[in-house]
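Visitor: Below is a structure I'd like to ask you about.
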Amino acid sequence: MTAAHPLRLVLVGRQGAGKGTQCVRVSHRYAIPHISTGDMLRAAVAAGSPFGQLAKSFMDRGELVPDSVINGVIAERLEQPDARLRGFVLDGFPRTKDQAEALNELLSPASLHIVINLEVPVDLVLRRLSSRRVCSVCGSIYSDELPPKTAGICDNCGGELIQREDDTEAAILRRLEIYEETTTPLLGLYADLGLLETVDGIGTPDEVLGRISDVLARHGFSGGG
Ligand code: AP5
């Protein structure tokens, strides 16, 4: 099977595990859309819509946006032709049992191919998140370990690098707490379905991408780039 066929992939992992960093690379290599609920919500916040204002009130505190809201956002996105034809790599969804059930129903009669759990220990994600900076224009992600060529400026588009509003210590700790309580139970659920693969997220982004590609190759998916 090649990248021309649909690939329906989910990347899970605690905050700062590198989901966003890897999903961008996987999206390019396998020519599938990167669907990030966090990015979609931040775009709504930036647009200043009533929906964005509602989302912001949850995001800034590190709380999850209600399932009913986010399930509707994903349902609309998965109906788009690119996702229907090529599949997707989902970043940040599902995070609750209700969201996993909603995803299952949305995809039926098709289903997910693989769920990859990017495993990085808490002490390392805390170090990564405390220095994370994102491009205010294109969303590219940097940190002390992965710095831009010029401090404060995005390598890709020259945009200004900023700190995410939910990268405060309190919001990071709350997001990690919710992850352990609400999202880790999904790992057991996907393991029981035979869909779960765990990948070590420590190392350079290229090393981690190589491990993800090895897993996908074992499942019959090869990337173009
Ligand atoms: P979201 O944007 O999804 O944020 P998150 O879950 O907190 O995850 P992060 O973006 O913090 O982590 P990441 O794993 O993507 O790490 P990254 O690649 O940036 O969600 C934000 C909010 O939106 C939620 O709190 C919630 O309110 C709401 N929301 C979103 N989805 C929702 C849903 N389904 N239901 C309800 N609410 C929802 O990497 C982290 C850092 O590490 C970066 O600085 C990066 O440069 C660095 N790094 C990455 N890889 C490496 C590496 N290999 N080596 C060294 N450094 C690395």
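Including glycine, each Cβ sits where the backbone N, Cα and C put it.
Unlike curated records, TrEMBL annotations are generated automatically.
This is the feature table in TrEMBL:
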type: BINDING; residues: GLY16, ALA17, GLY18, LYS19, GLY20, THR21, ARG132, ILE141, TYR142, GLY203; note: ATP binding site
type: REGION; residues: 36-65; note: region 'NMP'
type: BINDING; residues: THR37, ARG42, GLU63, LEU64, VAL65, GLY92, PHE93, PRO94, ARG95, GLN99, ARG164, ARG175; note: AMP binding site
type: DOMAIN; residues: 132-166; note: domain 'Adenylate kinase active site lid'
type: BINDING; residues: CYS135, CYS138, CYS154, CYS157; note: Zn(2+) binding site
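Can you walk me through where each of these features ends up in the structure?
Guide: A C-beta separation below 8 Å, combined with a sequence spacing of at least six in one chain, links GLY18 (ATP binding site) to LEU118, VAL120, ARG128, GLY201, PRO205, VAL208.
Long-range contacts of the region 'NMP' (36-65) within the same chain: residues 20, 23, 73-74, 77, 91-93, 95-96, 139, 164-166, 170-175, 178, 182, each at least 6 residues beyond the stretch ends and with a Cβ under 8 Å from a Cβ of the stretch.
DSSP assigns GLU63 (AMP binding site) to coil in the three-state reduction, outside any helix or strand.
Tertiary neighbourhood of the domain 'Adenylate kinase active site lid' (132-166): same-chain residues 16, 20-21, 24, 39, 42, 59-60, 62, 172, 175, 205, selected by CB-CB distance under 8 Å and a gap of 6+ residues from either end.
Taken residue by residue with DSSP, CYS154 (Zn(2+) binding site) is part of neither helix nor strand, so it is coil.
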Visitor: Could you list, ordered by sequence, which of these binding-site residues: GLY16, CYS138, CYS154, CYS157, ARG164, have a Cβ under 6 Å from ligand 1?
Guide: GLY16
Visitor: Between GLY16 (ATP binding site) and ARG164 (AMP binding site), how far is it from one CA atom to the other, in Å?
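Guide: The separation of the Cα atoms works out to 12 Å.
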Visitor: Around the Zn(2+) site formed by CYS135, CYS138, CYS154, CYS157, which additional residues qualify by having Cβ within 8 Å of the site's Cβ center?
Guide: SER136, VAL137, GLY139, SER140, ASP155, ASN156, GLY158, GLY159
Visitor: 10 Å Cβ neighbour count around GLY20 (ATP binding site)?
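Guide: That number is 20.
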Visitor: Please tell me which one of the binding-site residues listed here (GLY20, ARG132, CYS138, CYS157) sits closest to PHE93 (AMP binding site), measuring Cα to Cα?
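Guide: If we rank GLY20, ARG132, CYS138, CYS157 by Cα distance to PHE93 (AMP binding site), first place goes to GLY20.
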Visitor: What is the interatomic distance between the Cα atoms of TYR142 (ATP binding site) and CYS135 (Zn(2+) binding site), given in whole Å?
Guide: 8
